[in-house]
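Here's the structure, in structure tokens; my notes come after.
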Amino acid sequence: MAGGGMAALGVKKERAAEYKGRMTLAVAMACLVAAVGGSIFGYDIGISGGVTSMDPFLEKFFPVVFRRKNSGHQNNYCKYDNQGLSAFTSSLYLAGLVSSLVASPVTRNYGRRASIVCGGISFLIGAILNVAAVNLEMLILGRIMLGVGIGFGNQGVPLYLSEMAPAHLRGGLNMMFQLATTLGIFTANMVNYGTQNLKPWGWRLSLGLAAAPALLMTVGGLLLPETPNSLIERGRAEEGRRILERIRGTADVDAEFMDMSEASELANTIKNPFRNILEPRNRPQLVMAVCMPAFQILTGINSILFYAPVLFQTMGFGASASLYSSVITGAVLFLSTLISIATVDRLGRRKLLISGGIQMIVCQVIVAVILGVKFGTDKQLSRSYSIVVVVVICLFVMAFGWSWGPLGWTVPSEIFPLETRSAGQSITVAVNLFFTFVIAQAFLSMLCAFKFGIFLFFAAWITVMTVFVYVFLPETKGVPIEEMVLLWRKHWFWKKVMPDMPLEDGWGEGGGERADNKGH
């Protein structure tokens, strides 16, 4: 374990103003290839909802649901309430949760690229099993292998992007992961819309096409350069500096290299990152690593993305209309992520999270009111109200796309010191996948039980998380990733939680106006 005093801090002074470098082609290409991992994550989210609404798929694997869906006497909210069907969707995320914990030591000891390659290979195996599935067991096994890929990919890709990006562009480049995720969701919706009429094998094509980005991710991972942070942490400082000079486009990288070296010096004294992350000085980062991904899922977005066709069919849309509506929401999510990429490093994380939260609350309440007044267990929405519901859901998805969608990953990936970064990312991924699993498994039953109240349930959680950001999250815009540890000591709340520690250059508790930032 690290000793006390200055050594325990890692980075001892602020050097951000001395950082040199620019956006280079090397960074652009590396981030583009790495972010393909996000497209597979998004494809798997989007594809399951469309496939589970296709009659040939249901008839083969879930005949009970198939008969209930086509019965005119079943409660509209409960047609798809089946734990086996939920397990088809949720098994992927349970496997991802477990594998993300395995991926942490791989990412730390063998590099970020190793996790990306492992994720790509697992995705390939899962896609092959799914496209060839002849029974439910084979189908679920394929989903589990896809989950293993998600655990490794979500561990390695956000860290890779954060560490490769220049500090002043980190927010936008890190969001390449979320942009690729939303593109994957949109692509899945388009594929489902096109394969629904290819009976009886259209669902196999939908599931099998996940192999294409998986192959790209695997090959790209083998060709990518490793991050300087990882190389320095693993004792390859000279190689790390060469890569840093290449990706920054300049030989003047002394300040950034010094920050990385100091952080690495501490990182190498930490033998158990998971135990170290529980120490009081890491308490703010741990809280964010748990709360940010949990809140991201508790917006209710995954319920809409997983089950968009099912949800729209529940509201009375026909099969083609429901898939078409899910294509629209997928397109909105993709386009709104571009807004976040363009504004995150100018407006900052807090403004986007808070404003997005407010818009999502309003949208959830409006949908709940419309369904509560105009839709019931045995009646359909009129055409005009159906259009209103789709528009409001699109506005909800839009708000998520430029706020909690990308930032739920970006903030946790950029706040950890090097010695706990792989463990912190692992916790972030595990928490995200745990809540994703719970919501995926429970949503159809919750929809049957809560009916329109399910939207009010999610609105209440969005209220909680918006307040949380306002009170507890400092603005991380423009703060170099290796100096992030210094930010918490200036925040009005977290400086009371963290132990006293001597700092340089005016960063201490009595550091004048530079210690006066309350993070608001």
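Backbone N, Cα and C define each Cβ position, glycine as well.
Marked as domain 'Major facilitator superfamily (MFS) profile' by TrEMBL: 30-477.
Residues of the same chain lying 6 or more positions beyond the ends of the transmembrane segment (23-43) and with a Cβ under 8 Å from any Cβ of it are 116, 119-120, 123, 149-150, 153-154, 156-157, 160-161, 164-166, 169, 173, 176-188, 209-210, 213-214, 216-217, 220-221, 223-225, 246-249. Marked as transmembrane segment by TrEMBL: 23-43 (among others).
Counting same-chain residues at least six beyond the ends of the transmembrane segment (85-103), those with a Cβ under 8 angstroms from any Cβ of the stretch are 44, 48-49, 52, 61-62, 65, 115, 118-119, 122, 139-140, 143-152, 154-156, 306-307, 426, 429-430, 433-434, 436-438, 440-445. Feature annotation from TrEMBL assigns transmembrane segment to 85-103 (among others).
As annotated by TrEMBL, transmembrane segment applies to 115-134 (among others).
For 173-191 (among others), the entry in TrEMBL reads transmembrane segment.
The transmembrane segment annotation in TrEMBL covers 203-224 (among others).
Summarising the annotation, TrEMBL assigns transmembrane segment to 286-309 (among others).
Positions annotated as transmembrane segment by TrEMBL: 321-341 (among others).
Same-chain residues lying 6 or more positions outside the transmembrane segment (353-373) and placing a CB less than 8 Å from one of its CB atoms are 299-300, 315, 381, 385, 388-389, 392-393, 395-396, 398-400, 402-404, 407, 451-456, 458-459, 462-463, 465-466, 469-470, 473. The annotation transmembrane segment is assigned in TrEMBL to 353-373 (among others).
For 385-405 (among others), the entry in TrEMBL reads transmembrane segment.
Under the heading transmembrane segment, TrEMBL lists 426-446 (among others).
According to TrEMBL, the feature transmembrane segment maps to 452-473 (among others). Beyond the ends of the transmembrane segment (452-473), by six or more residues, the same chain brings 287-288, 291, 295, 298-300, 303, 349-350, 353-354, 357-358, 360-361, 364-365, 367-368, 371-372, 375, 404, 411, 443, 446, 493-494, 519-520 to within a C-beta distance below 8 angstroms of the stretch.
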For the transmembrane segment (286-309), sequence-distant contacts whose Cβ falls under 8 Å of one of its Cβ atoms, 6 or more beyond its ends: 45-46, 48-50, 52-53, 80, 89, 185, 189, 192, 277-278, 319, 322-323, 325-326, 329-330, 333, 360, 364, 393, 396-397, 400, 404-405, 407-409, 411-412, 415-416, 424-425, 427-429, 431-432, 435-436, 439-440, 443-444, 454-455, 457-458, 461-462, 464-465, 468, 472-473
Remote residues contacting the transmembrane segment (321-341) - C-beta distance under 8 A, at least 6 residues beyond either end: 46, 49-50, 53, 172, 175-176, 178-179, 182-183, 185-190, 192-193, 196, 304-305, 308-313, 352, 390, 393-394, 397-403, 405-407
Confidence summary (mean pLDDT) of the domain 'Major facilitator superfamily (MFS) profile' (30-477): 86
Within-chain partners of the transmembrane segment (115-134) [C-beta distance under 8 Å, separation at least 6 from its ends]: 34, 37, 40, 99, 103, 106-107, 141-157, 160, 204-205, 207-211, 213-222, 224
Residue numbers, six or more beyond the limits of the transmembrane segment (426-446), whose CB comes under 8 Å of its CB atoms: 80-83, 85-87, 89-90, 93-94, 96-97, 100-101, 103-104, 107, 147, 150-151, 154-155, 277, 286, 289-290, 292-294, 296-298, 300, 302-303, 306-307, 310, 408-409, 412-413, 454, 457
